[in-house]
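**Student:** First, the structure itself, so that you have it in front of you.
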């Protein structure tokens, strides 16, 4: 039997070597052997040490001893501003890798570790101080953390303050610097039960020192999310506040809030704006609502499902009360959803159904002037427009009435519409032809015109279209390609393709992103995929799944009340119980015309 060949190399590693080396160095220090430098702390106390150990433990000492400074050769080095007991702890850490952080030494030790560049000790002190945060010290702790660039502690203090803002004393809040208060008001995590509380916080701060702080009021009011302050409070308190009434920028913010609540503000057409995003603590969330469609067996669905992107969960809403049929159109007007027209295969519908999100109920409203199917509907300046090949009409929810408008100059088959920059755009093929065109409606003149926007993309069918941040997005129904048109610059662009095709799927805008759902995929299988496009990253991602594979459904986004998302341990903002400023009622956006006018 042959013996194995001897190894040319035997790799060996002693896992205990590092610890053994530290112990050996500590022993040499205790025996005062090979010491080559003495550190002099504040008060004149001496600490003999080894240069090599200090340089290996701290970039501060490495730079000191390796450079051309006098200290690189000196036998004694004076350290200004370092308490002896803190230097003792840091030296012990250099030789052992251990330090005991306590309530008595955490802050001075962090200061010394920051000065002498012991990042691990500094981080340990910050972690300890995070556990000591309370109502009495959280504001000072945030100041301390930011002064010493302790990001973990600063972030923890910020979260604690936002979570417990309602429990902080009036004196604590009123002495906040402007920049700090603005940071809190702008943060999604500010824990208030209603946005009125954020307004009161800003107003209380200004009233604590009106002569010096009143000039900052427009900045503060801009950080408050006025669109989600209830209408009666806007009228009774915000509009009546002298600081608002005498300030044009504040009046513009107030007008914006009222337009939003009256459904005259298209948040999708504008650029990203934090004021149009409710705080999670208020329980209000922007959701994706799916209406109707067909399942894998081509059976008609009357279910209405909503998807909350904050939780990733689906919930049922009130079912559609009637037979939807086919060829209907769905649109969101303010915080309500409207379903118009359609047919049962033999009869066209002129009926219009409205979903009231505040009471989770469908009701029938005034019928259209003309029954129709395979039309398109969009909202422009708070009015609902219905566009078909041979007619256009407009609905005013305040008066529950329809008005006939000029039809398109060139009739189009199966067009899709979107509102952008104060105009209504219709995209489709000319009736009886394959030529694709875009027409534009001007509500001021009640006239349609052909849009000369150069060579259109090679669409086989009218694409689904929505507006986001002043751009019109066209999602093709027979491919994963997506085109973009900028009407202001008259420019075309193409964004990355979707992960799959969505033939017969649905398109909506939610939270500043495009959401495409359902339809048939590349393999002609009915899909339940929901994917979203983020304009900031220019990327598509799968964000969820439909309750079941669906096609020919409609989707829109609205705001709806859910259970408030209050972080654990946070009570949120407690309003003065003696004040009539805010009631404890159900927080919702105004829904009914009588509430809006």
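In case you wondered, yes, glycine gets a Cβ from its N, Cα and C as well.
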**Student:** If you check Swiss-Prot, which stretch out of 542-569, 570-597 is marked region 'Disordered'?
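**Tutor:** That would be 570-597, the stretch labelled region 'Disordered' in Swiss-Prot.
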**Student:** What is the pLDDT of the repeat 'Kelch 3' (384-422) when averaged and given as a whole number?
**Tutor:** 95
**Student:** Can at least 3 Cβ pairs under 8 A be found between the repeat 'Kelch 1' (287-335) and the repeat 'Kelch 4' (423-470), with each pair 6 or more apart in sequence?
**Tutor:** no
**Student:** Are there residues at least six beyond either end of the repeat 'Kelch 5' (472-512) with Cβ under 8 Å to its Cβ atoms? List them, or say none.
**Tutor:** 268, 272, 277, 286-288, 290, 293, 309, 418, 420-421, 423, 425, 427, 438, 451, 453-454, 457, 459-466, 518-522, 527, 529, 531-535, 538-542, 551-557
**Student:** Which residues of the chain, 6 or more past the ends of the repeat 'Kelch 3' (384-422), have a CB below 8 A from one of its CBs?
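**Tutor:** Contacts of the repeat 'Kelch 3' (384-422) (Cβ under 8 Å, skipping residues fewer than 6 from its ends): 263, 266, 269, 329, 331, 333-334, 336, 338, 340-341, 352, 354, 365-370, 372, 374-378, 428-432, 437, 439, 441, 443, 446-450, 461-467, 470-472, 487-488, 593, 596-597.
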